[in-house]
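Student: Sharing a structure below in structure tokens format, with a few things to ask.
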């Protein structure tokens, strides 16, 4: 009981931190990108009426894709045996999703950060004299490691203290005499109690899922604002399709972590909806500031570049350390050669697939994306 209370408390504190970060991001980002049109707006073909229809379509499609993606592992664990956290398919699917998240950091977010912080619209000093993109990404990765390690060790130690207090309380009789109790202290558990390793693992998964969601929120809000503030249909169309696929598979990865963390129903619902709404909310904010937002202004470039760099560092760390390393070192996978091969192939396919799809959508090679968007527009 004490352990469950501790887990709930730590979860609440972390969720409050994520919520505060999310609100601060939504509040500060728009106010930092107004004005300063010194670098111009470019020569894009702007059509505000058509672009607005695409943006409404983006809000609906990205929200549904995110919600479906994050709910597949959560709902499937009880209805589809193959999607339980101990099944081989779960490891394979999670490896694919981790590949998508890794590619998101390296191929999608980090290059955008480099483009923003090395833009000719920024003054040469200091932005041209120091690699700020790599520096911010490195600091974010190290910071994530520190938070990861501290949170896990802190809650594990607290859990151990609470477990020991519970054991002593059970062992005392009505007269306050301590009764003999076989505890296997060196193994971290007592008869009738939850093994310490199990509690630590659960706490670990909870830290992972919450830190991962924080990293996803940062880049999702930023790209949502950028999409919502853009008035070029040629830019929005491929980005809409790419983001829909991206959010779907990113949701599967996050949903897998949430499933392994074994949160209560209320917390699961909050995290799933929170993830699903980040990009649509960003798009809505972008629509609201479209008339005053200039993506080429120095303020916008600096803010977007710094946040993208930090997000890339968080996502790359989480994908390599907390998702791939944790699963690939799992005894279940280590003792199954076929599963190892399957997970490696799934990882490569997930990362490669996202890279190819992103490039194809950016160059507008796939014609079915335009057809899909036209179907959405017909509803307006």
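Each residue's number is its place along the chain shown, starting with 1.
Using the three backbone atoms N, Cα and C, a Cβ is placed for every residue, glycine included.
TrEMBL feature annotations, pasted as is:
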TRANSMEM  59-76  transmembrane segment
TRANSMEM  88-110  transmembrane segment
TRANSMEM  130-151  transmembrane segment
TRANSMEM  211-229  transmembrane segment
TRANSMEM  235-255  transmembrane segment
TRANSMEM  267-290  transmembrane segment
TRANSMEM  310-329  transmembrane segment
TRANSMEM  341-361  transmembrane segment
Student: Select the range from 211-229, 235-255, 310-329 that forms the most Cβ-Cβ pairs under 8 Å with the transmembrane segment (130-151).
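Tutor: It is 310-329, which has the most Cβ pairs under 8 Å.
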Student: Please work out which recorded stretch in 59-76, 88-110, 267-290 has the most C-beta pairs separated by under 8 angstroms from the transmembrane segment (341-361)?
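Tutor: The listed stretch sharing the most Cβ pairs with the transmembrane segment (341-361) is 88-110.
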Student: Between the transmembrane segment (88-110) and the stretches 211-229, 267-290, 310-329, work out which stretch tops the count of Cβ pairs under 8 Å.
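Tutor: Counting Cβ pairs under 8 Å, the winner is 310-329.
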Student: State the non-local partners of the transmembrane segment (235-255) in its own chain: residues 6+ outside its ends, Cβ under 8 Å from one of its Cβ atoms.
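Tutor: Contacts with the transmembrane segment (235-255): 44, 51, 54-55, 57-58, 61-62, 65-74, 93-94, 96-98, 100-101, 104, 108, 209, 212-213, 216, 220, 223, 227, 271-272, 275-276, 279, 323, 350, 354, 357-358, 361-364, 366, 369-370, 372-373.
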